[in-house]
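Summarising the annotation, TrEMBL assigns substrate binding site to A:Arg344. Among the features that TrEMBL reports, domain 'Aminotransferase class V' is placed at A:31-323. The N6-(pyridoxal phosphate)lysine feature in TrEMBL is assigned to A:Lys195.
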Protein chains: 2
Amino acid sequence: MQSFQPPRRILMGPGPSDVSPRVLAALARPTIGHLDPAFQDLMEEIKAGLSRLFNADGYACVPLPAPGTAGMEAAIMNLLEPGDRAVIAINGAFGGRMADMADRAGAEVIKVEFEWGQPVDPAKVEAALAGGPVKVLAFVHAETSTGAKSDAAALCALARKYGALSVVDCVTSLGGITVDAGAWDADVIYSGTQKCLSAPPGLSPICLSPRAQTAISGRTTKVRNWLLDFNLLMAYWGGEGGRTYHHTAPINALYGLHESLVALFEEGQQAVLVRHARSHEALAAGIEAAGLKFLVEPAHRLPQLNAVLVPEGVDEAAVRAYVLAKWDLELGAGLGPLKGKIWRIGLMGASSTAWHVRLCLTALCEALNAQGFKADGAAAVSAADGKLA
Amino acid sequence: MQSFQPPRRILMGPGPSDVSPRVLAALARPTIGHLDPAFQDLMEEIKAGLSRLFNADGYACVPLPAPGTAGMEAAIMNLLEPGDRAVIAINGAFGGRMADMADRAGAEVIKVEFEWGQPVDPAKVEAALAGGPVKVLAFVHAETSTGAKSDAAALCALARKYGALSVVDCVTSLGGITVDAGAWDADVIYSGTQKCLSAPPGLSPICLSPRAQTAISGRTTKVRNWLLDFNLLMAYWGGEGGRTYHHTAPINALYGLHESLVALFEEGQQAVLVRHARSHEALAAGIEAAGLKFLVEPAHRLPQLNAVLVPEGVDEAAVRAYVLAKWDLELGAGLGPLKGKIWRIGLMGASSTAWHVRLCLTALCEALNAQGFKADGAAAVSAADGKLA
């Protein structure tokens, strides 16, 4: 066994995205104790930074000590008790995962399903909500498996109208498109660090509204997960009257998240969103100039996650293998019913730059040409440049 | 919000322990994708390294993407289904936590309780096992809350005798005293990274025997946790026939764990244990020369976690605050019934050196003198040196 030296990679898949040198440097700062006064100050800064980023004033905001799936599991398992009814919108892999978790919570799950690549249709969701008392409405804002965006404001409003608590998966949206817990009046909203925040994977920021906190503290049964039980977590992260030991926080990973928040606020929240939008427009122009098409209609496309259809006769996996071998470039494959049918091209966080767009178009066209599909790389880059000028 | 620069600290509490510069440097290497071929090779090396470290040949060994508590929760929640009976030995905070988790799994919990600071008595455990069919016997090998070691070999043998699966918490023991899954014939055995492995907190290595894997794949109900469900995790970490996406692995944290394993095997597994034993003997000689006493009897003491009784009239918290302020030294407090009554002095991993012993004795005696308790620091260091020579 020898020390591991990772190869050079450019990360343009569905996550992780490229991590900036300043965040990598933060990870390597000396570990201190999780009960250290200096660490407790850091926790307060992270809580405040997350509240600002989610626009979740008055919410309880904490980073969970596990990848983004932990945010999903915490939301579902804390809100649902056996016998509760939950409406879950499914328009990709992650909605399906939510339904599986709600089933494990002992809830009655009402699935509202959509074709992969389509957004969640609020009218179909409303029909399900109107069918009887529902405790939770859960949906994915930005489906990582398809690149489709759903209307979080409309869906959260429906949850309020029918007296349900809303759970909003913002794993891929946070930092790439507008996420606004306050304006949406969302109840539980969570993300991951490895997408548009451009920190390494491993943490899941989550925010809970006062309504959600009341629902959790008023449960009649224990949350089935110990590590993700908010009644325990709040005493640990609460900060008032001394913290109750719960788990040992992942200190160095939190250094990384903190630094990524500092960098994001330095650039400016609005400027970051504009950068993501511009990168997407440039990539989209190049993709079309190369003769390729998107899975998702323009109105519902996520700028940070581009699902591009594999042309007839092209070997999807061979193209990814080519760009990895020749350009150190990681692109994503399709999942489930989209396996072999799309590439997923991420333009997330530090991977959302003109340089990444130009490199990706060049590499992708070269790989397509190697497969016998004619794609003019220079024309694709030129089309992208037209949007970047 | 500004970049965080941690203060200098010497970590001699119950964990995290000091992280060596080479492990910190590994954390900062560029992030690659969790499906990258190079990362999959790294996963295989980590699995093999953990198998070697736990002496768990033939076991499924993986690092869970969350702190040590996740190992406990995974063990309990995967093995127990509603209605199963579990015997849980409780001789400190962590046995109590296991019982809480088993209750959340829907199991009938038979608690076998001991005074804090005492080891688990196999005779009392056998009496509980003899009371009827039991699915699981769970206990803590090295109680982090008290510094007491229990006889894992004897307890695992009892589990086998009564047809129960054994769950062994080795969070604090792994890398500090002998941990031997194979010789004990243990079923599920887990640890954390932030104790004697001296990596940052955030991961929980776990190993499952073939018996445990069979029990889990034969469950009639779903595991209540999605993230920690081994039926899903095994398809992700399995490595044969392609990995099934489950979660995004905490890439950089795994770089750190890998490097800590490389360092440990370079030093030698036996040499590491000898170093821990020597450090403890030196500290114990110094503690006694300073007029202080241990909570735990010599036969059951953990070398890596030293519970020292606070003398009459001394303010426990003031001593910790003093050594933190004057010496950048973090010591641990007591938990639960031991709060205010003990200090917990860790000699774990990179914090288990002659330098740490000498510094700790010097700082502690100085703080005691400031409290009016006469302790001769020079004599304490000299007594320690006698054991280190």
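Glycine residues also receive a Cβ, built from the backbone N, Cα and C atoms like all the rest.
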Rounded to the nearest Å, what's the C-alpha distance separating A:Lys195 (N6-(pyridoxal phosphate)lysine) and A:Arg344 (substrate binding site)? Just drop the number here, would you?
13
Taken over the domain 'Aminotransferase class V' (A:31-323), the model's mean pLDDT:
96
Going by a 10 angstroms cut-off between Cβ atoms, which of the recorded positions A:Lys195, A:Arg344 has the sparsest surroundings?
A:Arg344
Per DSSP, three-state class assigned to the residue listed as 'substrate binding site':
strand
Structural state of A:Lys195 (N6-(pyridoxal phosphate)lysine), classified by DSSP into three states:
coil
